[in-house]
Amino acid sequence: MSDNDTIVAQATPPGRGGVGILRISGFKAREVAETVLGKLPKPRYADYLPFKDADGSVLDQGIALWFPGPNSFTGEDVLELQGHGGPVILDLLLKRILTIPGLRIARPGEFSERAFLNDKLDLAQAEAIADLIDASSEQAARSALNSLQGAFSARVNHLVEALTHLRIYVEAAIDFPDEEIDFLSDGKIEAQLNDVIADLDAVRAEARQGSLLREGMKVVIAGRPNAGKSSLLNALAGREAAIVTDIAGTTRDVLREHIHIDGMPLHIIDTAGLREASDEVERIGIERAWQEIEQADRVLFMVDGTTTDAVDPAEIWPEFIARLPAKLPITVVRNKADITGETLGISEVNGHALIRLSARTGEGVDVLRNHLKQSMGFDTNMEGGFLARRRHLQALEQAAEHLQQGKAQLLGAWAGELLAEELRLAQQNLSEITGEFTSDDLLGRIFSSFCIGK
């Protein structure tokens, strides 16, 4: 398998449909056109033609589009054949194309990978293609489109350019130490560095919003049996997703629901009631519950308000709180307010949010929804926002750390060489986002998650 091969793949979803598209990219795309169509279509014009088999018989007829490189998606010669969407027809046409020497089936994401390697897209834009396809809400789709059009990349490139200018200034101060002006201590470098840090902080904040839009927030509902966990899942989901009975231990396994709160994706996970297991099935369910808790972004600690007046989680169930990961945020949910007569709403107890509601009637659930949105810092007015992945957040965080370390070196010891190195590392972290600096292993992991025809 060679990256110089001409590749072909179905660009439409598998199965039956009105239209099925095969995409070909590479130097032999011209030969495919002349062999299957009998001619080379006019560039960037739709041409209605028969698609012919090796013996001259017609396999299908449809629209052919010819995009000679480098003015194509991949930067190579690209041919698209748009025929009928029956799987048998598409399979026959694909087999016909593969009889031409030098043609092979594309790897997942290989069209986008070639576009990246031929400088038609940077890495963040290429990832945005997959994110746009996978978008689960209108806001996520709009943000992914902004990323595809270069909004995220432009912000990153602006930071890289600012760091480049700052590095030039610092390197000059190091290379010409005998000048009358001490460039390292005259305040200009510190001011420029502070500007870059402020700009980076703004991008990080937007990237966290973009990551939340893409990844969603994982919220686990946990507590003792019969506290109303499944009722809360149903209330948040707006449907009967879980079986609810008065029998303790009804939920034996993990239940998942994907919902949106004002555009914010939320993965709600209902778990088995935590107690000493009465049988092997329940024991496995409780083990899975703890696995989900340890991976959560937030835990909703469900408390049956009819069993205790306590509001401090450490007082309600100290063993449960002691087992939780140290930095895991907790929201205490006192349920069954319709029975206890407690006042609905939100308050704070020892650094934890406390919400009183009734999962059965739905009273107070809107307060919980708003709390979840606010606890993640989600902004519903993300005009011009962009999507971001975890690797982007990690690169931005690492760049911020290097800038802070560089600032400490500058102010603490006027150590120009150490500052220059921290600036270089920060610039390298940022360049990983757009692919200016990256590894083949990273590229392989990114593009392997794409659709075959992309």
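Even glycines carry a Cβ here, placed using N, Cα and C.
As written in Swiss-Prot, here are the features:
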BINDING   R23, E80, K120, K454  (6S)-5-formyl-5,6,7,8-tetrahydrofolate binding site
BINDING   226-231, 245-251, 270-273, 335-338, 358-360  GTP binding site
BINDING   N226, T245, I247, T250  K(+) binding site
BINDING   S230, T251  Mg(2+) binding site
DOMAIN    216-377  domain 'TrmE-type G'
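Listed binding-site residues: R23, K120, K229, K336; maximum Cβ neighbour count within 10 Å falls on K229.
In sequence order, the binding-site residues near S230 (Mg(2+) binding site) (Cα within 10 Å of its Cα) are A272, drawn from R23, A272, S358. Reduced to three states, the DSSP call for K229 (GTP binding site) is helix. For the pair formed by K120 ((6S)-5-formyl-5,6,7,8-tetrahydrofolate binding site) and S358 (GTP binding site), distance between Cα atoms is given as 54 Å, rounded to the nearest Å. S358 (GTP binding site) is surrounded by 23 other CB atoms, counting those within 10 A of its CB over all protein chains shown. R23 ((6S)-5-formyl-5,6,7,8-tetrahydrofolate binding site) is 54 Å away from S358 (GTP binding site) when you measure Cα to Cα. With a 10 A radius on its CB, E80 ((6S)-5-formyl-5,6,7,8-tetrahydrofolate binding site) counts 21 other CB atoms from all the protein chains.
Sorting the binding-site residues N226, S230 by the number of other Cβ atoms within 10 Å puts S230 first. Annotated pair A272 (GTP binding site) and E80 ((6S)-5-formyl-5,6,7,8-tetrahydrofolate binding site), C-alpha to C-alpha distance, rounded: 51 Å. For A272 (GTP binding site), the Cβ neighbour count at a 10 Å cut-off comes to 27, with all displayed protein chains included.
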